[in-house]
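What follows is a single structure, written as structure tokens, with notes after it.
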Amino acid sequence: MGHFEKGQHALLNEGEENEMEIFGYRTQGCRKSLCLAGSIFSFGILPLVFYWRPAWHVWAHCVPCSLQEADTVLLRTTDEFQIYSWKKVIWIYLSALNSAFGLTPDHPLMTDEEYIINRAIRKPDLKVRCIKVQKIRYVWNYLEGQFQKIGSLEDWLSSAKIHQKFGSGLTREEQEIRRLICGPNTIDVEVTPIWKLLIKEVLNPFYIFQLFSVCLWFSEDYKEYAFAIIIMSIISISLTVYDLREQSVKLHHLVESHNSITVSVCGRKAGVQELESRVLVPGDLLILTGNKVLMPCDAVLIEGSCVVDEGMLTGESIPVTKTPLPKMDSSVPWKTQSEADYKRHVLFCGTEVIQAKAACSGTVRAVVLQTGFNTAKGDLVRSILYPKPVNFQLYRDAIRFLLCLVGTATIGMIYTLCVYVLSGEPPEEVVRKALDVITIAVPPALPAALTTGIIYAQRRLKKRGIFCISPQRINVCGQLNLVCFDKTGTLTRDGLDLWGVVSCDRNGFQEVHSFASGQALPWGPLCAAMASCHSLILLDGTIQGDPLDLKMFEATTWEMAFSGDDFHIKGVPAHAMVVKPCRTASQVPVEGIAILHQFPFSSALQRMTVIVQEMGGDRLAFMKGAPERVASFCQPETVPTSFVSELQIYTTQGFRVIALAYKKLENDHHATTLTRETVESDLIFLGLLILENRLKEETKPVLEELISARIRTVMITGDNLQTAITVARKSGMVSESQKVILIEANETTGSSSASISWTLVEEKKHIMYGNQDNYINIRDEVSDKGREGSYHFALTGKSFHVISQHFSSLLPKILINGTIFARMSPGQKSSLVEEFQKLDYFVGMCGDGANDCGALKMAHVGISLSEQEASVASPFTSKTPNIECVPHLIKEGRAALVTSFCMFKYMALYSMIQYVGVLLLYWETNSLSNYQFLFQDLAITTLIGVTMNLNGAYPKLVPFRPAGRLISPPLLLSVIFNILLSLAMHIAGFILVQRQPWYSVEIHSACTVQNESISELTMSPTAPEKMESNSTFTSFENTTVWFLGTINCITVALVFSKGKPFRQPTYTNYIFVLVLIIQLGVCLFILFADIPELYRRLDLLCTPVLWRASIVIMLSLNFIVSLVAEEAVIENRALWMMIKRCFGYQSKSQYRIWQRDLANDPSWPPLNQTSHSDMPECGRGVSYSNPVFESNEEQL
């Protein structure tokens, strides 16, 4: 894949999360014929290999060519997984439209030649080449020579073009062309037929290997265990297929309503028509009525306004107001023109329009942006259908270990062939014995053993109200070493209590008006702002909306109504929202206030603005938002000089502070024509709204538990920086002895380059710091003692963006100690999580779903505290809306990881014990009988495999993690040491039994009554007690090796069953302990009981009691040595840490490398300094390593 023909290679979705490499290939008839012949002569093995390795299928059938000539494309993901897939290039024929619309090859099919659709149509035959990848269509752009996504309006369109080109709808001809090329507007998730699920599961390499093993066992008349494996496989496959089928049905029900909605579509010539939503295409003009409607596509609002419930996307059921896209004479793309807040104009698929307000034309109109799987809901569904692979390192290690076992089996096969060929055995017997070695050395149950711990952990989590849609991520939970938390609704309570209002005038701030006293708020602009500056709606007689807005409005004791119901005021449009004072409100000179227009709140802008009309009075604009943002839009002389210190008083106590401002407008301006920039300027500052947002009771103890376990905790919030710092201190995320350093970065302005400054936050000394974005207390100096303490960096989303753009080399150094990230937008939250992952942290993200969906999806482990549909994108959802689920999840993850490794070690040892025993017996051209194999495989190993994993998670989080890799020194040493120990014991038993005075190769007798008499034990081969069926297996070597191997399997299970510090002690697993006791008792009973019939069944020989005691002694010594080695060496963390230090081993994790390289620089952090992006030294700074997390990554 290193050399490509010209035009053969390209990138699909370049720069996006689902970026892929695409390679062009052309099918060759001769290659196809050869592969068909190979499939026949290999009895279907070749197609199976091609199924497992898609790239091999393409390389075998096709030759490389340019993408333009390709009929097959090979796709490879650009992430670390490098997953291959292939797709056939298909043709879409538009020739059918010739007769319907009279199209000619030269006829422009679209009104603009720049549209992708025009460039994708091959003329004169009117055909389109396309591929379908993960439910998305990509068409070949002949002009640019690349595959491009179709099903969306082009991003380059400006707002003026959207209004002009699509404001009147599409012609019928354009609709039909787009329908053919873009496909139907459906999110089809078919309920996968059971037979398909069954075939897919059966073709798993694990089950193919089992099929091979079963066939071999049937040929050897080893029917009992073959049937047992078949039954277990059927149960396993049935459960898996059932789970997959249930998930498929649930997902189908989740999206099926989307495909059967009737909508009103306006055509350019056809007028308004009622159509099925499945026929919608990008560019269609939707007409929204006042009725509730579920959006079947993504659409941009161009006229009127809507109130939308976006709970499915955000996890939050607070209605959101959408405003029309302004028509501006500019060629700038509409998303760029709207900046980060373009979503305020977009109605997303799957959201519910609960209220549509018409504009002057009397209609609410929206242009379809995206259809089908290109929509927001389609993207969410695709993330479920095609999840990002997890725990790849563990899977890769498992494959490597299996390959080692295969290598061992190969050596055993060569040994077997040599022994049996030299012995003159028949060829078919030699082959059968050689193949037996594979099923012994590579046990069919090995892959399943790795998942059993996960299954039990999932059940325990379910009992705690934690639900999981991606069970494989439970193991990843055991590796978490950094957890990010949203603040509002996650660390703090959902509800906000209005504590008071601080108004201001020319003399500065007035006394706090407390609502606890029950006194009504005096009339004035501040009262009017509280009554009208919100996004509340009246739905079925109930006021609904953001809790903050609701608390603020309720404090005024005003009422809400529609203008069309009780009021008929000139200049107020029909059905405008009107607020009016009630009887209990203070004396008000106006009859009411009509809300004419809203500029909705967004987390990116951190403010909202409304235009209102006092009935019989002035037209006003009110703004509400983050204090620092609102103050920046006000006339400087109206902002009190004590603004910073006043704000500090409340934010340092953890209050949430909102600022209010207003201005008068001219009555002759139409409210909807005014731009946001015009309205939001030269405002008059009104005061501060103080709301209380208390910590949840569970927050502090949970964070203390995580920190004591050396798991980093990070806060990512959209709230004020000072409030975030206060919450971090109150919650224990930042202790009293630790310092907080503010990092502030500013964009390039004029001639000055981007800058970054570092300041120590001081809680005791109050000094004014007048920057608009951050109002916190600082101090100028840091004592030497302070420098030696722990530091936590705090910064805003704006600073994070500037650092990412202009100081990227400093970003990893800042993240080493970055703890508080405030004013973060949803996109910045996702980016921050990704940056932590680049430093090799295992990142967890816990949020309530509101604005956290991207970060929840990006993290290794996303934990949603919301039960909305958005939680579908998160692997874990907690029914209990607090962060107590986080330590529970980590504990269960650690337990599941340790359990998986324990089972892996046990299954590997069990196979090696049996492997060693069989190869020793092969030396004597002997083996174990079917019943002997059955007893070991079914009665011992299967029962242990089922019960060994029942240990629960240890209730305490320890300050280190379990090993995250199968190929780790302690685990490898444990496996190799125990294999060698068992090998030594088996060889010793094998040799010693042959040197006993009573030993004879001619003994084939069952037990005698007086077996102490050697003479009675030594019988002739022709003795009547001899049984023909036993002549192949019965020998003293067989008896000795079988007892040693069988009981060794039991003792190894006890040695490998781990308890503290990650799992409950073994003695608490009562079922497992009982199984071991019964198994050991049965084995000892068989060993010492003289029951001829039992011995005949198991093909065993009686031996003197002294030899039986010798077997027990050998097993006891083996158990004691193994247990001591496991506890004193393998599980001795202190010893391994000392060995690491002696050999100078250092972690290769990126963040550990940063810590080692930058830990001892006395100049870090550069306090009271400002660096600029054009200064060379700013990119070569050094970082401070936080001693709190110094040994966070140490693991065995």
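The backbone N, Cα and C atoms fix where each Cβ goes, and this holds for glycine too.
What Swiss-Prot says about this one:
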- Asp486: active site, 4-aspartylphosphate intermediate (ACT_SITE)
- Asp848, Asp852: Mg(2+) binding site (BINDING)
- 32-52: intramembrane segment (INTRAMEM)
- 1-31: topological domain 'Cytoplasmic' (TOPO_DOM)
- 53-197: topological domain 'Cytoplasmic' (TOPO_DOM)
- 219-223: topological domain 'Lumenal' (TOPO_DOM)
- 245-400: topological domain 'Cytoplasmic' (TOPO_DOM)
- 422-436: topological domain 'Lumenal' (TOPO_DOM)
- 458-900: topological domain 'Cytoplasmic' (TOPO_DOM)
- 922-932: topological domain 'Lumenal' (TOPO_DOM)
- 954-972: topological domain 'Cytoplasmic' (TOPO_DOM)
- 994-1035: topological domain 'Lumenal' (TOPO_DOM)
- 1057-1070: topological domain 'Cytoplasmic' (TOPO_DOM)
- 1092-1109: topological domain 'Lumenal' (TOPO_DOM)
- 1131-1196: topological domain 'Cytoplasmic' (TOPO_DOM)
- 198-218: transmembrane segment (TRANSMEM)
- 224-244: transmembrane segment (TRANSMEM)
- 401-421: transmembrane segment (TRANSMEM)
- 437-457: transmembrane segment (TRANSMEM)
- 901-921: transmembrane segment (TRANSMEM)
- 933-953: transmembrane segment (TRANSMEM)
- 973-993: transmembrane segment (TRANSMEM)
- 1036-1056: transmembrane segment (TRANSMEM)
- 1071-1091: transmembrane segment (TRANSMEM)
- 1110-1130: transmembrane segment (TRANSMEM)
Cβ under 8 Å, sequence separation of at least 6 from the ends of the topological domain 'Lumenal' (219-223): give me the contacting residues as numbers and ranges.
432, 436, 930, 933-934
So which residues does the transmembrane segment (401-421) touch in its own chain, when a touch means Cβ under 8 Å and the partner is 6 or more beyond its ends?
429-430, 433-438, 440-442, 446, 904, 908, 911-912, 915, 919, 922-923, 925, 966-967
Within a 10 Å radius of its Cβ, which of these recorded positions (Asp486, Asp848, Asp852) has the fewest neighbouring Cβ atoms?
Asp848
According to DSSP, how is the topological domain 'Lumenal' (922-932) divided among helix, strand and coil residues?
5 helix, 0 strand, 6 coil
Measuring Cα to Cα, how many angstrom lie between Asp852 (Mg(2+) binding site) and Asp486 (active site, 4-aspartylphosphate intermediate)?
8
Integer Å distance between the CA atoms belonging to Asp848 (Mg(2+) binding site) and Asp486 (active site, 4-aspartylphosphate intermediate):
7
Proximity verdict for the transmembrane segment (933-953) and the transmembrane segment (1110-1130), three or more C-beta pairs under 8 Å:
no
Taking pairs 6 or more apart in sequence, does the count of Cβ pairs under 8 Å between the transmembrane segment (1110-1130) and the transmembrane segment (224-244) hit 3 or more?
no
For the topological domain 'Lumenal' (922-932), what are the same-chain contacts with Cβ under 8 Å, counting residues 6+ beyond its ends?
220-225, 415-416, 419-420, 423, 425, 433, 436, 914, 1030, 1032-1033, 1035, 1037-1038, 1041-1042, 1097-1099
Would you identify the secondary structure of Asp852 (Mg(2+) binding site) according to DSSP, in three states?
coil
Would you mind giving the whole-number mean pLDDT across the topological domain 'Lumenal' (1092-1109)?
89
Secondary structure tally of the topological domain 'Lumenal' (219-223) (DSSP, helix then strand then coil):
2 helix, 0 strand, 3 coil
What residues in the same chain, six or more past the boundaries of the transmembrane segment (198-218), come closer than 8 Å to it by Cβ-Cβ distance?
48, 51-52, 225-226, 229-230, 233, 237, 240-241, 244, 432, 435-436, 439, 442, 444, 447-448
Can you break down the topological domain 'Cytoplasmic' (1057-1070) into helix, strand and coil residue counts using DSSP?
4 helix, 1 strand, 9 coil
Please give the sequence-distant neighbours of the topological domain 'Lumenal' (422-436): residues at least 6 beyond its ends with Cβ less than 8 Å from one of its Cβ atoms.
216, 219-220, 413, 416, 918, 922, 925, 927
What does the DSSP secondary structure composition of the topological domain 'Lumenal' (1092-1109) look like, as residue counts for helix, strand and coil?
11 helix, 0 strand, 7 coil
Residues of the parent chain within Cβ reach of the topological domain 'Cytoplasmic' (1057-1070), under 8 Å, 6 or more residues beyond its termini:
478, 891, 894-895, 897-899, 902, 947-948, 950-954, 956, 958, 962, 1131
Go through the chain and flag residues at least 6 beyond the ends of the topological domain 'Cytoplasmic' (954-972) whose CB is under 8 A from any CB in it; none is fine as an answer.
393-394, 397-398, 400-401, 478-479, 481, 705-706, 708-711, 887, 890-891, 894-895, 897-898, 901, 904-905, 1059-1064, 1130-1131, 1133, 1136, 1191-1196
Same chain only, please: residues at least 6 beyond the ends of the topological domain 'Cytoplasmic' (1-31) with a C-beta under 8 Å from a C-beta of the stretch. Say none if there are none.
58, 60-78, 133-134, 138, 145-147, 149
